[in-house]
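Q: Attaching a single structure in structure tokens format; questions to follow.
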Amino acid sequence: MLLWRYDALPLLLMSLMYFVCNRVEYDYYKYHPMSEITSWMEQLVKDHPDVVTIVKYGKTYENKDISLLKIGLNTGKEKKAIWMDCGIHAREWIAPAFCQYFVRQILQTYKTDAKMEAMVKNMDFYVTPVLNIDGYIYSWASNTTRLWRKNRSPGPSDCGCNGTDLNRNFDANWGTVGVSFNCCSQTYPGSKPMSEPEARSVADFLGSRKDSFLCFLTIHSYGQLLLVPYGHPNYTAPNYDELMMVGLGAAEAIWKVHGKNYTVGTSPDVLYANSGSSRDWARLQGIPLTYTFELRDKGTYGFELPEDQIQPTCEEAYSGALHIITYAHDKTFSGAVATSAVTLWTVLLAAGVTGATLM
Amino acid sequence: HSSYRQDTTPLFDTSQLSIASPCTETFNVMATGELNPNHYPARRAAQVVQHYLNTRYGSPFRLIGVQKVHSANAEDVADSGRKYQLELSVKETISNTTENCSAELFFPRGVEQHSPKVQASCEALLKIDTKAQEEALYQEYKRNQSLVSAQNLPDSHGRIAPDMEPFWQLGILASSFIMLNESNENTLYNVAQVANITQLATEDDQLKFDCHTLLHDMVSQEIIHWKLLFTWSPPEGVKVLQMEKLPHRHEQEEPPNTN
């Protein structure tokens, strides 16, 4: 009898531990293949059914579903929104890693942080962890495909290469600068604007909702840059000053985390001229605050950023993104609060001056 | 000055555009005079200085990177090219020391592609003492019966085995000769990956390597494959014997099992 009890105890403990530990914590500081990202998304909906839903909004060339996570406290009315997409370019693995981290942060902080709670109440966050799914999967296939950039649609019939650069395919000054019409080129913009299903998916989803969106953030690597519209050197966004001011604020927030410098400016100023980018398209739709994030590093590891840099990169980028999102939110929602505060002070001051009592 | 399509109504809402005016500079005209140190012309020139410094001062234990451009100036030199002057700070990545340097570059223009000419003085970089480490590395691989061979530095996840790091650095150093040669005002090169570095047997006192390197040009976003044959020893540094650009690989030719 005693022997049985001693035998049973470790078994019991092991079973208990297995039960508890079977739900392995998702490792946000490792790169995940597409299948794991999809499972993670599904698990999030199970874990946070009141705040998270999955929206399938299109199909890739290879007919895979393009999905986003919609995060928000449902108030039942059409809400203002924030857009974030990652992984337009397959080889930029740190970008999908950041989208996943970003979602985790929102879900971890909205219950305890009053500001985040307010933002999640007032706005919906639409996050696409991997936009170019076919390309991302291809970049995981072998050592020789790791540095693939484009999607996986076939080139023109007389072309020996495939793939279109999705970030040159949007209908925004399409095909004018920063592209090569050689279909083997990494910046091949496609046969025509929005020829690619992945680009059309974004446009179709956002097109009907564009007035709701305050902010459009598209995440890339590498270079440590925050890029504002437009990619064409002859065009300036009407709110360029605001974009720069908020961008510089974001860069400062980034620097405060781990001391990394991110340069802020238009593409033609700080990187190169380009056309057909998702950011430019979003700005042309009227979404006021649109930014391209180019995450770490500056070329030492480039696209193959070591996993031990995932955490610091995500932490600093989160700080930067939050700065922009908070600005967008406060501009839209704190106006009422500010007005009533002004009114209150005016009344108090007036009462003070006249000596009138308020009671 | 605008480039609206002539045939149809604009495909986008023009109220979201305000045309920069006057649009006197087309995007083909390079900035001249004092340059904004944060803008790309200064950044690209600084990268060329980085490649030059690595060819001159680099070692498996001394790798130089641009930290920040403080000031930059560019001027045309008749019809022969453009001259840049830079004040920049560079960082040695292993010792984490920073130094301010001055550099002068000349990008020649002409029918034939010429390499840029660089003059830069960063003598403090030489003061970083790597002699002991270099000698230890040299002795280990000179004496070793088997010849070292490494692939995918870094690998897909950014990993490099610690004892392979010096070979990654050597690959980058040797690649710097190519990147320096190939640079112009419309390129920005980094080493994307040292795909293969294999030690070859030698009769003399040099270590000799065959190297396949993947360069990333930020401006075109292309990955360019190069093969190199080079030697290294502590006193001689890196000497490139042969370099060859490999043809553009069409990914279509290698269909992998994507599931």
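Each residue, glycine too, has its Cβ placed from N, Cα and C.
Just so you know, TrEMBL annotations are computer predictions that nobody has curated.
Feature annotation from TrEMBL assigns active site, proton donor/acceptor to A:E294. Under the heading domain 'Peptidase M14', TrEMBL lists A:30-328. Marked as signal peptide by TrEMBL: A:1-23.
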Q: Across all chains shown, how many C-beta atoms besides its own are within 10 angstroms of the C-beta of A:E294 (active site, proton donor/acceptor)?
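A: That number is 22.
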Q: In the predicted model, what is the mean pLDDT computed over the domain 'Peptidase M14' (A:30-328)?
A: 97
Q: Does DSSP give the residue listed as 'active site, proton donor/acceptor' helix, strand or coil?
A: strand
